[in-house]
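**Student:** So TrEMBL has the following annotated:
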TRANSMEM  B:23-43  transmembrane segment
TRANSMEM  B:49-68  transmembrane segment
TRANSMEM  B:80-100  transmembrane segment
TRANSMEM  B:130-160  transmembrane segment
DOMAIN    B:134-346  domain 'ABC transmembrane type-1'
TRANSMEM  B:172-199  transmembrane segment
TRANSMEM  B:205-222  transmembrane segment
TRANSMEM  B:254-272  transmembrane segment
TRANSMEM  B:328-349  transmembrane segment
């Protein structure tokens, strides 16, 4: 192998050099592109942080007090989405992996993948015009009967376009990602141990508890984190579904909802000019940092899981 | 040695005792459906109530029956089986609802004029169309493809064939991971910031959209190409080297053709992913009513942004609002059809052109 | 507690593919029965039908009867979970649960049946099962260490301990020594000798010397022809099988002329 490109003929060497050079250049382009993303976001973002023009912060005192409710809303919506999506995704992956007959498992897998193919703007359209009005009576009921729980404090939104609805739409969007990762992890659990459990007289569920979940834990966590990364950055569905103000509240069903960073950028970019836009770019930088950390942790867990096993 | 096991630790053993009959799940399903109908009629809860009552009855009755007749372990197994299947049903419910809604609301909008008219000078409920948005989406996506497909494929070639294990390759692998996680709106902000820095504030052009989409598309192309190149057996490369073929020709003539179908599938899926991207285009391409074929000047309409803006103009009960809401559904149907067609195409390519194995 | 197994008219399928055809045999209680034959002839497949592990593979099914003592294990309303508790199995490669300690590995099957196992009972079962598997003296000081830390041969005996801890009536062994070195193999073979006083043992092996060493009865499986299903060619006392087999192909296989 080491002597393969030691051919003495110059023409061949030139071809090799060109080809290798192009490949390397493509790789380096990626380095430059990401460095560019960071640089330009910082260069264009800083003026939006240090500005004294109060319209840049929409009446708030500083960049921090402008961004904080958005960070809160971003995290809240993403957490709601994961709380809903994770059990569903694990269940769906279990069906496809262990419960469904083989003939049914493949089409079911395709259908879950189809969920990932639907563009987010279509989810937004569906969420705002169909899901939100259908959820509204439930919110009214929750506000009437369970208002002692802070999450359902009410009064219920009249349109149903609340952070909970946004969270449900986000859950549907991250579900296929988590399901795909769970399927992969479940498929990798050693058949040897699954059979050992069955041969001891375990029921199917006991087999899954004994010989599937213990292996899947780290992969499951990283899958959820990747879903979180996606949910944090999702823009259009939230922008279209949520009727947002800048409230910081845990009331999930009211008409006052925190917006998310991404949705806020999409919604207000057109109305803003000059340094006001720089402020939005700065919030985008904050979002970038948050998703970077989440994804970084997810990869770290995957890498550690691999080393451990 | 048979006597010293503590005999009380295991339940008595019989292969057949106390099993529910084979038709038990069917019976429970019928009973549950009956309960659902009864509840929905008595309390007038409608179809949602029927499904909810029938579903929970099914979920609870079978395990309860099993707990009485069989044993706790089997009851738990039946309960979990029911739960796991119902998670799948719940997960697929939105897909069905969404597709149904898009088709039923969108199909009436689709006609020849809808696909060939623009929105220029269209007022109230006059016939408008998405021609300008289709052209825009096509241009932006093609440009994004021209930027990201060569970079992505060559980058993967570098990672697998040349760089393997080197510092640079490790750094690139890490950064591709980072790129995968970039929120699409941030990609749009980057393109905007770039154009502002180069051309001054307030710039809108479709080429910026192509840059933003490339940023989202490159990592997908790199990843899928990498996977495919890894699948090419090393024997093939060594066989070519042994024949005195230089490395670059080996890659171009042996490795890439072997992996070609997989790479095309990956690229098609990457296109399907970015063609529906909205957020970056809202920022950088903007919206306009007519056809703009110059990607380096002015706003250009694209299909996803068309859906978004007609949706926003479509709230209310005025004539033009209703017309816009309808157009949003029509455009959504067209977009979904395009995305699904690309996905199907990808699977088709993967199946048809896959390297023939033994059978 | 050991029981005999009567197999009659057994056809084994993977989907539409008939893998093993028309097996009729009686496996004696408290004896070791070895199954030999060339690769792919269906001996492991047959073994897995004796505790209904075969049907774990998607699309796999059987026709015919397998009677354990007096119970038909493929009869209506028979619970495969119960069958597997009654007929223990040891696999080709040792497979202790890596997340469990040695102690918990032995108890894995018992814990399924009895959540609230008393500590004294649990200790007694572990010692009994590990002693039964000739492993007690080697591991008694490190019962709480992970099972994966043991050598291959120890792991395999741990798996045997795990199988006998639920007091099965039959033990199935699918090439239990094929992943082991000669010393570990000898230890497992010794163990098989001791276990046969309590259990009905069926062992699949590639190694004819092993079959001759450990078994009283031997069954020879072979393909009828390439692409045809496997079948049971001959079933006999091991001593007779290895000296004067009835079938020509058995003699050819045993004397090493093919396979």
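Placed from the backbone N, Cα and C atoms, the Cβ positions cover glycine too.
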**Student:** Who are the long-range neighbours of the transmembrane segment (B:254-272) in its own chain, taking Cβ under 8 Å and residues 6 or more past its ends?
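**Tutor:** Same-chain contacts beyond the flanks: 141, 145, 148-149, 152-153, 157, 161, 217, 220-221, 223-225, 227-229, 231-232, 236-237, 240, 245, 339, 342-343, 345-347, 349-350, 352-355.
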**Student:** Grab the same-chain neighbours of the transmembrane segment (B:49-68) for me: Cβ-Cβ under 8 Å, and only residues 6 or more beyond its ends, written as numbers and ranges.
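**Tutor:** Apart from its flanks, the transmembrane segment (B:49-68) reaches 20, 24-25, 28-29, 31-33, 35-37, 39-40, 43, 74-76, 78-79, 82-83, 86.
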**Student:** Give the nonlocal contacts of the transmembrane segment (B:328-349) in its own chain as ranges (CB under 8 Å, at least six residues past its ends).
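**Tutor:** Sequence-distant neighbours of the transmembrane segment (B:328-349): 99, 102-103, 105-110, 114-115, 130, 133-134, 261, 264-266, 268-269, 271-272, 275-276, 303-304, 306-307, 310-311, 314.
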**Student:** Quick test of the contact rule: Cβ under 8 Å, at least six residues beyond the ends. What residues does that give for the transmembrane segment (B:23-43)?
**Tutor:** 49-55, 57-58, 61-62, 65
**Student:** Can you work out which residues elsewhere in the same chain, 6+ from the ends of the transmembrane segment (B:172-199), have a Cβ less than 8 Å from its Cβ atoms?
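**Tutor:** Cβ under 8 Å, 6 or more out: 155, 158-159, 163, 205, 208-209, 211-213, 215-216, 218-220, 222-223, 277-284.
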**Student:** Which bits of the chain, at least 6 residues beyond where the transmembrane segment (B:205-222) starts or stops, bring a Cβ under 8 A of a Cβ in it?
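**Tutor:** Result: 136, 139-141, 143-145, 147-149, 151-153, 155-156, 159, 176-177, 179-180, 182, 184, 187-188, 190-192, 194-195, 266-267, 269-271, 273-274, 277, 280-281, 283-285, 292, 294-298, 300, 302.
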